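Q: This is the structure I have questions about; it appears just below.
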Amino acid sequence: ACAVDQMLCWLWLGLAACFLAVLLALQLPQLKIPAGSSSFGFAVCFQDLLRYGKTKSGWGQRPAWLQTFDVPKRWFCHFYILSVLWNGFLLLLFIQSLLLSWPFPVWLQHMVGFLDGTWESQDVNAPIARQDGETLSALLVCLFVWLNSLRRLRECLYISVFSGGVIHIIQYCFGHCYYVLVGLTVMCQVPADVREGKGSWLTVCWYHISGSLMFIWASVHQHRCHVILANLRKNKSGKVVNMDHRIPFGDWFEVVSCPHYFAELLIYLSMAVTFGLKNVSWWLVVTYVFFNQAVSAVLCHEYYQSKFQHYPKCRKAYLPFIF
């Protein structure tokens, strides 16, 4: 598999650039409109498209025409259902290729070849260039994506307490496309001979162990943060007693307002480590995740500061002690 996938790199670079632009645009006075504004304009649409959950409901009474684009925030679980099924399917194909020498389906090989730019340039007589650990890296990251989605699905179904929060229908559709694209991105890192059912050896390297340990560490902290948020609405026996938003304390909440977003970044960083820190395509995925989560963290941090008069001033929005 190519370290620099042509179409894929441009796609993730474009997405990262869009969210960087959004992050910068949030600082413009022209786009900071009063809460509950009923006017029709770019600023209103811009803010409404970005916000979800408490940052949308805490924005004040929204125009009725904007509310027609709302879907329940609890539908987040649909993202993870899709991801568990889709990325689990890709993981199964990967394992079958390694253990049974079954090639990927033709449609998947064509799709991956289109994204990584090798579809029209493949030479069946060309020698296969593969770095040590490349196959195991792709297998582990594919597994991590699936495990992360499975954990998040379980949290959505059995731990998180969703109020009447909503998300924009465009955000909802984008979330589905994102998890499909992440899986295809991992498949683009699978060596061509493995996709064709011709390779089955695995080489363990230091970065596989380091990346795995970092993935577990970040996942544990993200889970703890989701439990802390859910417990704000439960009593000691675990029964939901309120739907109010409160100031969370404990774990990484002591240093940042959105440690679950920070942990998400670390999870994707752990996958970059698992790729040996040299996979350009995945670094662009990490860049996208960084700016995407930063946008949500900034809006959430602003919500906490505006709602709670005595909100801890030592907390940053996203990155501990930095941002």
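Cβ atoms here come from the backbone N, Cα and C positions, even for glycine.
Positions annotated as signal peptide by TrEMBL: 1-25. Residues or ranges marked as transmembrane segment in TrEMBL: 75-99, 157-181, 201-220, 252-275, 281-300. The domain '3-oxo-5-alpha-steroid 4-dehydrogenase C-terminal' feature in TrEMBL is assigned to 195-323.
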Q: DSSP says what for the domain '3-oxo-5-alpha-steroid 4-dehydrogenase C-terminal' (195-323): how many helix, strand, coil residues?
A: 75 helix, 4 strand, 50 coil
Q: Taking 75-99, 157-181, 201-220 as candidates, which has the most Cβ pairs under 8 Å with the transmembrane segment (252-275)?
A: 201-220
Q: For the transmembrane segment (157-181), could you work out the same-chain residues 6 or more beyond its ends whose Cβ comes under 8 Å from its Cβ atoms?
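A: Distant contacts of the transmembrane segment (157-181): 11, 48-49, 52-54, 56-57, 67, 69-80, 82-83, 86-87, 149, 226-227, 229-230, 233-234, 240, 243.
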Q: Let me spell it out: take the transmembrane segment (75-99), skip the flanking residues so only those 6+ beyond its ends count, and list any with a Cβ under 8 Å from a Cβ in it.
A: 105, 108, 135, 138-139, 142-143, 145-146, 149-150, 152-153, 156-157, 162, 167, 172, 175-176, 178-180, 182-183, 186-187, 190, 194-195, 197, 199-200, 202
Q: Short question: which residues 6 or more past the ends of the transmembrane segment (201-220) have a Cβ under 8 Å from it?
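A: Result: 98, 132-133, 135-137, 139-140, 144, 147-148, 151, 263, 266-267, 269-277.
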Q: Should anything in the same chain at least six residues away from the signal peptide (1-25) have a Cβ under 8 Å from its Cβ atoms, list it; otherwise answer none.
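A: Those are 31, 46, 50, 114-118, 134, 138, 181, 185, 188-192, 278-281, 284-285, 287-288, 290-292, 294-295, 298, in sequence order.
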